[in-house]
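Quick look at what TrEMBL annotates:
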- B:PRO107, B:ILE108, B:GLY109, B:SER110, B:GLY111, B:LEU112, B:GLY113, B:SER114, B:SER115, B:SER116, B:ALA117: ATP binding site (BINDING)
- B:80-166: domain 'GHMP kinase N-terminal' (DOMAIN)
- B:232-302: domain 'GHMP kinase C-terminal' (DOMAIN)
Number of protein chains: 2
Amino acid sequence: MEDLILPDKKVSQAKDSKTIQVFAPATVANVVCGFDVLGFAVNEPGDEVVMRVTDKPGITISKITGDNGRLPLDPAKNTVSVSVRHYLESVGQPHLGLDIELHKKMPIGSGLGSSSASTVAGLFAIKTLLGDDNDVAKLLPFAMKGEEMACGHGHADNVAPALMGGFVLIRSYEPLDVVRLPHPAGLYCAIVFPDVDVPTREARQIIRNKINMKDAVTQWGNVAGLVSGLFMNDIDLIGRSMKDVLVEPVRSMLIPGFYQMRDMAMELGAVSFGISGSGPSVFAFTRDEQTAHNITKKLQAFLTGIKINSNSYVSTINDKGPRVL
Amino acid sequence: MEDLILPDKKVSQAKDSKTIQVFAPATVANVVCGFDVLGFAVNEPGDEVVMRVTDKPGITISKITGDNGRLPLDPAKNTVSVSVRHYLESVGQPHLGLDIELHKKMPIGSGLGSSSASTVAGLFAIKTLLGDDNDVAKLLPFAMKGEEMACGHGHADNVAPALMGGFVLIRSYEPLDVVRLPHPAGLYCAIVFPDVDVPTREARQIIRNKINMKDAVTQWGNVAGLVSGLFMNDIDLIGRSMKDVLVEPVRSMLIPGFYQMRDMAMELGAVSFGISGSGPSVFAFTRDEQTAHNITKKLQAFLTGIKINSNSYVSTINDKGPRVL
């Protein structure tokens, strides 16, 4: 990562433009077979950050909404301010005065990349305020610093698609190598978040460290099939490939009724069904919007029946990533 | 696999056309990161089968050349006749009289899919003799029967590209799901076979059964990167992705000077370098024919220096598969 040394006039511009409001999208990481290497962005839900240049050096967080008091206002502990601070240091403006409002518009701990959406919104806000013309992908290492703090693991399968939009492959972490993948235009995503507690840290810890080579071969055959299906616009191949013999069998135990929900979704015509990130959200790909709505309706009714609250979202894949509101 | 019931007139045609001579290509399986799921065919070397319809029921093998007496003339023990017999049973002609000559034009036990090339040549010969218009991919299960006998494991990463040509993904074995992948047109393959003994069966047995999840994630990131690079015509991405943290570290121990040869190839401008199948052959991708020749020349000189005989081949990727001569 090269340092981005920006001219002083850019910072003056930033002070003039005062306030910016940015949306960044939720993301589905892993995409069933692609544990830690695949992810895509959706149009909703997502988070919003309002950022204002101030005269007082340093970052403050003046307001967080939608988090039920769960997120820290302390800028040394919040993923948004921490990643923005790393960015400011890299561009030689460590003391720039900034005030941040964070508006959570999506559930925390949902497996939908909640911390990534906030972090990416913050980074895109400061990038835009400073008039930094570099590719958004250059923000990735800073976003990963935020993830490291939020999840105890600097993974990129949520932040990369939140930042770049679309379907993203993280081929390698050292060195970081990110590839944007195409996808069929008509693919819809139905997401249901069952409101049960599955902390990301714990969801990672239950995954086995040692696995069978045979299962790994099955998994990378499916990863290769999914990537091929995305390039070939072959929704059947995408569906056949979205099978996870390694992580889903373990993580699904933390999601009440997971296999029943999968059966319901597949019976209603889903292309595929699985856990979003580390859960508990689940998602299905469908060939049309109506099927996606039928699935969220059926799954939410099921969850209500077993006394679990839920949220749902229907969306195409978001190819744009963060945007100024 | 549906049974292929062919009309009797086809068999009459076969008897009239008497003799056919077929070439089938050598193949590079695994392609470094894609253990057991990826393979591609080359233009040379390859094997030839001459097949003749006879009046005497059953299959005979009248001649095998180029094998130094290592392959069985007994039709119950030869992979070519065994797979052809399975095919004949499936088309309801188990007693058809056939005589087979097998001309080995490539080294046995080289890691270049020697048995696959012979088997595919035999199957393509009988398919053509019988006027069977089905897709060649329908022959795959029969070819895998031959592989099962030759290697103790019915894998498809040699037979599928030998049969279908080009670059092939075996997404799944149960059910069998094979996907043909594109590749950059200008990619050359330099192959060197060091004449040391690495039996496929043993080369499989030294691979660990239990692996680390972390290494598996690295591997499927690379598999996804390689597949993406093939679709995107991105030779740099193909090169970056062709790394194997699981199988090569073990199998390379059976190949004298493997890492020295890799350094030589990379210094001469190879895109990538690795073991072909279970070895001992090694291969490099290059962007042009001259670089491929420079590599084979340098590696063969190195092998001569350590008193190992070798063969070499330079070829583009073979998109046609077997052909009638």
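Glycine too: its Cβ is placed from the backbone N, Cα and C atoms.
Overlay of TrEMBL annotations on the structure.
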residue  : record           : contacts (Cβ under 8 Å, 6+ apart)
B:PRO107 : ATP binding site : B:PRO45, B:SER114, B:PHE193, B:ASP195, B:ASN311
B:GLY113 : ATP binding site : B:ALA26, B:THR27, B:VAL28, B:ALA29, B:GLY39, B:ASN158, B:VAL159, B:PRO161, B:ALA162, B:GLY277
B:ALA117 : ATP binding site : B:ALA24, B:PRO25, B:ALA26, B:THR27, B:PRO45, B:GLY46, B:ASP47, B:MET106, B:ALA162
Exercise for the section: Select one residue from B:GLY109, B:GLY111: among these binding-site residues, choose the one with the most other Cβ atoms within 10 Å of its Cβ. Expected result: B:GLY111
Practice task
Run through the domain 'GHMP kinase N-terminal' (B:80-166) and tell me, per DSSP, how many residues are helix, strand and coil.
Solution key: 49 helix, 7 strand, 31 coil
Practice task
Count up the helix, strand and coil residues in the domain 'GHMP kinase C-terminal' (B:232-302) according to DSSP, in that order.
Solution key: 39 helix, 9 strand, 23 coil
Completion exercise
Within 10 angstroms of the C-beta of B:SER115 (ATP binding site), the count of other C-beta atoms across all shown chains comes to 25
Practice task
Enumerate the residues of the same chain, B:PRO107, B:ILE108, B:GLY109, B:SER110, B:GLY111, B:LEU112, B:GLY113, B:SER114, B:SER115, B:SER116, B:ALA117 excluded, that satisfy the criterion Cβ within 8 A of the mean position of the Cβ atoms of the recorded ATP site; list them in sequence order.
Solution key: B:ALA26, B:MET106, B:ASN158, B:GLY277
